[in-house]
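Asks: Dropping the structure in here first, questions after.
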Amino acid sequence: MFHSIEEALEDLRQGKAVIVVDDEDRENEGDFVCMAEAATPEMINFMVTHGRGLVCVPVTEEHATRLQLAPMVNANTDKQGTAFTVSIDEGSTNTGISAHERSQTVLAMLDEQKDADDFRRPGHIFPLIAKAGGVLRRAGHTEAAVDLARLAGGIPAGVICEIMNEDGSMARLPQLVEIARRFDLKLITIADLIAYRMRTESMVKKEIEVQLPTAYGDFRIAAYTNELDGKEHVALIKGEIGPDEPILVRVHSECLTGDIFGSYRCDCGPQLHAALEQIEANGRGILLYMRQEGRGIGLINKLRAYKLQEEGLDTVEANEKLGFAADLRDYGIGAQILRDLGVQRMRLLTNNPRKIRGLTGYGLAVEERVPLQTPEHLHNKQYLSTKQEKLGHLLHLNG
């Protein structure tokens with residue numbers, strides 16, 4: 001159904017448009033997207049005729065600053081936080097609304113000899129400011145357009161137009177598939193663009209690596225910074241890491257209450273210690289400690305979830321009651337750290353099939369799942385049962 005990002009980039013380089021679909025839980029919409037430098041009158045006319053939405057021009061913050069594109073409103077209350085600027089027309093246009101004149105405005109925006117005084121405000125082209133970091137910071141069509149233009153080798157600016165049906169309703173996936181077929185356009189998802197960038201770019205920086213003697217044995221500890229959000233992650237490394245055989249790996253998400261305070265509500269602490277013991281016994285391996293407290297919802301929200309569990313909800317229901325998915329963790333940054341450490345093939349210490357899928361999706365080979373069984377007891381029995389029944393964890397529970 002969907003095309004690859006590589007196929008879409010090739011079409012964009014040839015001046016074609018593609019259809020980009022966002023997440024079902026977000027806007028659940030498709031937009032026509034092209035590189036801004038491909039915004040011919042024919043392209044604009046195609047978008048307004050067959051898309052029927054608003055023609056917008058996503059640009060970088062630097063681009064918006066150069067043209068003095070101020071925010072459209074002082075207080076942005078849009079549900080998705082779309083960063084509209086004041087609308088513009090190129091100064092020599094007439095009304096600015098025709099396909100020819102909208103094309104003229106878009107192309108003028110790319111001319112570095114033009115400045116703010118060369119445009120009238122308001123107008124008929126609606127610039128949008130993409131977040132620095134692109135779809136890795138905000139999974140919107142704005143960021144997707146700028147990312148795609150950059151990845152295609154062009155100026156990081158695009159043209160987008162929402163796609164509506166003839167009756168004025170929003171086109172959903174079945175209609176978008178038909179539109180892509182009718183006009184021979186590539187159809188891609190923002191989720192696939194995120195995965196592509198995580199596979200092909202590096203967003204992590206190793207800051208330091210030192211020796212770390214522990215109660216389990218002698219390790220090296222390497223600290224990494226996620227350059228997108230500033231979060232710090234660490235890897236405990238045992239032995240030499242190379243491609244000659246699969247490496248024993250544990251990807252462990254931070255759990256202050258379990259790892260540090262020995263909470264009985266979860267099995268995180270016992271899993272952490274068991275993993276270190278197994279890596280030490282194996283003589284070689286990596287424990288990657290990721291700052292993803294509470295399966296990604298953070299410490300305060302995890303404690304709020306505990307409160308809801310005291311009122312009778314299970315761990316999944318509590319997350320959903322707070323407005324979160326059952327598991328918000330993303331394994332892309334972890335995969336980049338493992339790649340930086342030289343890991344290509346691994347034996348993964350986990351009971352979580354989603355973790356296996358998450359890491360293999362970023363180009364790492366999981367050649368074996370090594371179970372990580374820890375004791376169950378009165379306090380964590382329901383928690384473990386919920387992980388097994390609702391999250392698909394591969395556990396062997398008593399009764």
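Even glycines carry a Cβ here, placed using N, Cα and C.
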Asks: Looking at Swiss-Prot, which one out of Q211, Q271, Q373 binds GTP in the same site as R250, V251, H252, S253, E254, E293, G294, R295, T315, T350, K355?
Replies: Q271
Asks: According to DSSP, which kind of secondary structure is C266 (Zn(2+) binding site) found in, if we only use helix, strand and coil?
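Replies: Note: C266 (Zn(2+) binding site) is coil by DSSP, not helix or strand.
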Asks: Distance check, please: Cα of R250 (GTP binding site) against Cα of H141 (D-ribulose 5-phosphate binding site), rounded to an integer number of angstrom.
Replies: 35
Asks: Which are the residues of the chain, C255, C266, C268 excluded, whose CB is within 8 A of where the CB atoms of the Zn(2+) site average out, their centroid?
Replies: T257, G258, D259, S263, R265, D267, G269, Q271, L272
Asks: What recorded positions among H124, H141, E293 are found with a C-alpha within 10 angstroms of that of C255 (Zn(2+) binding site)?
Replies: E293
Asks: Which ones in the same chain are close to D31 (D-ribulose 5-phosphate binding site), with CB under 8 Å and 6+ residues apart in sequence?
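Replies: Counting only residues 6 or more apart in sequence, the Cβ neighbours of D31 (D-ribulose 5-phosphate binding site) under 8 Å are I19, V20, G51, G53, H141, A145, I160, C161, E162, I163.
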